[in-house]
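Asker: Before we start, here is the structure in question, set down as structure tokens.
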Amino acid sequence: MPPRSRSSADSSDAFKVAIRVRPLIARERKTGAQMFWSCDTKQIFQLGADGKQLGLGHFFDRVFDHEETTQDVYDEIAQPIIESVMEGYNGTIFAYGQTSSGKTYTMMGDGKTEGIIPYAIDDMFHYIDQHPDREYLFRVSFMEIYNEAVSDLLAVKDAKPGGLQIREHLEGGVYVANLEEKLVRSKDEVLEWMKKGEKRRHVAGTNMNERSSRSHTIFRVIIESREQGAKDDAVNVSQLNLVDLAGSERASQTGAEGQRLKESGAINQSLLTLSNVIRKLSECPPEGAYIAYRDSKLTRILQMSLGGNSKTAVICAVTPAEEEQTKSTLQFATTSKSIKNKPVVNEVLSEMAMLNRAKKEIANLQKKIKEMNSQTGFLTLEQDNEELRQKLQEKELLQQEQEKKLKNMEVFMCRSSIDTKALTEKAKKNPRRATWCPRVGQQNRLSFDPSSFKPPSQDVNLSLCDVPEFSIPRKRRKHFSGEPIFGELDPVLESPSGESF
Ligand SMILES: Nc1ncnc2c1ncn2[C@@H]1O[C@H](COP(=O)(O)OP(=O)(O)OP(=O)(O)O)[C@@H](O)[C@H]1O
């Protein structure tokens, strides 16, 4: 369902650029590497061989030095975006930089230190606890772009050769077809999925990094929320993209050959397209101007995060012992600073809410036509009457469409307190694969997985329906044919270990 923008946000700080300078690592310390860069909280300077500053500093929203932690980066750069995402804005945080500069360390963590993703997830669930007036539904997906092919890091089966396809909604907006989205209920579940996906990511050792990422990854969290007991079923749908890019690299430094060299070519090519897109956007092009998003999968998927409807932060990771590569990262960062995004809160209406609205409008139109029919003699009235008739026809068509969709869809919300343990047991035993998603936010949700629901021979099994306040209208019981809940959601609940209810 297409999102509707509800309200506009201040776009002045919708695109932030920060620099993170990492400490020297063992390999560099061993070779007595020279420090080429120094910084304070807002600028970074190049140093000469004598350790003195060369030229002017480069200014950014924030520069983090080698002593500052990922928690510091999170608090100042990422946390405001997470809060906006919970309020209904799209958000993107991505780490950019040369190979071995600390992108994965910053986004994922390294096993000992947590990264931005775990901090973000922790905050999101904390936010839910503090907002009992809304109910939330979380889904996650994890994709990688390797050698210009998109694959699903959470899918059981590998994608066909060539990878997953990128498509466009009729109403605008890009999506990856057949990318699995997992319903999640707790931070631990999210992190399990993240770790599971990380294990499948393409990583290999090079001369520059023992564990060098050979692909770009996008870990996405989709959040739906609505007011508890809201009358018109308006749902905010936002997504958070957490992007760990592969690093730009030089074959002379990494020693890449064969497969590594091919990977390196694909990485550098897509980063070049990213730079070109950023350069074009930094020139503040007029609305509708051509931007080469389609030149790489990465820019296509991140289209909305670059110059679009998203609050975005770019964290440029740099190596203090690298002169030229760090200069080139700073050039990218400087260009990025001029980008202006235009974030809005995304609101969608459920099919039921749309149907209710359409019905109300039809009733109003019918009333108006009746009133007009009782009056005669004035041309203007007849013209108005014709206009109303046309409107009515349109509305009736809309209503028919909504009703058809609803026939194919069943969503059952259970607002009572459910004994989730007992329900899990029942769901496990139930051959018709009822799925449930309890404890997302303050509410329990119960739904059937329409795609795998098989109508029973002796009417519907109501073993789940002894849950208080939960009932299925009898005439609807046989209509489960695969329409998703809230747009694209396929509500199968799977645990990270692969178990599905
Ligand atoms: N801020 C930091 N503090 C301490 N160690 C760091 C920091 N940043 C990175 N490192 C270390 O530097 C090495 C390279 O980091 P990382 O793998 O995150 O780089 P990368 O930019 O993701 O590289 P690639 O593009 O090759 O995947 C790792 O050993 C990591 O632990």
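Placed from the backbone N, Cα and C atoms, the Cβ positions cover glycine too.
Feature table excerpt (TrEMBL):
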{"type": "DOMAIN", "residues": "14-339", "note": "domain 'Kinesin motor'"}
{"type": "BINDING", "residues": "Gly97, Gln98, Thr99, Ser100, Ser101, Gly102, Lys103, Thr104", "note": "ATP binding site"}
{"type": "COILED", "residues": "348-408", "note": "coiled coil"}
Asker: Return the average pLDDT for the domain 'Kinesin motor' (14-339) as a whole number.
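Answerer: Its mean pLDDT is 88.
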Asker: Could you name the residues, excluding Gly97, Gln98, Thr99, Ser100, Ser101, Gly102, Lys103, Thr104, of the same chain that surround the ATP site, i.e. Cβ within 8 Å of the Cβ centre of those residues, in sequence order?
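Answerer: Nearby residues not in the site list: Arg22, Ala95, Tyr105, Asn209, Gly247, Ala317, Thr319.
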Asker: Please compare the binding-site residues Gly97, Gly102 by how many other CB atoms fall within 10 Å of each one's CB, and tell me which has the fewest.
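Answerer: If we count Cβ atoms within 10 Å for the binding-site residues Gly97, Gly102, the smallest count is at Gly102.
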Asker: With Cβ-Cβ distance below 8 Å and at least 6 positions apart along the chain, what are the contacts of Ser100 (ATP binding site)? List them in sequence order.
Answerer: Ile25, Met208, Asn209, Ser212, Gly247, Thr319
Asker: If you run the three-state DSSP split on Lys103 (ATP binding site), which class comes out?
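Answerer: Lys103 (ATP binding site) sits in a helix per DSSP.
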Asker: Given a separation of at least six residues and a C-beta threshold under 8 Å, show me what packs close to Gln98 (ATP binding site) in the same chain.
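Answerer: Result: Gly247, Ser248, Glu249, Val318, Thr319, Glu322, Gln325, Thr326, Ser328, Thr329.
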Asker: List the residues of the same chain that sit at least 6 positions away from Thr104 (ATP binding site) in sequence and have their Cβ under 8 Å from its Cβ, in sequence order, or write 'none'.
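Answerer: Result: Ala95, Asp110, Gly115, Arg211, Ser213, Asp244.
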Asker: What residues, ordered by sequence, lie under 8 A Cβ-to-Cβ from Lys103 (ATP binding site) and sit at least six positions away in the same chain?
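Answerer: Long-range Cβ contacts: Ala95, Tyr96, Gly97, Ser213, Asp244, Leu245, Gly247, Ile315, Ala317.
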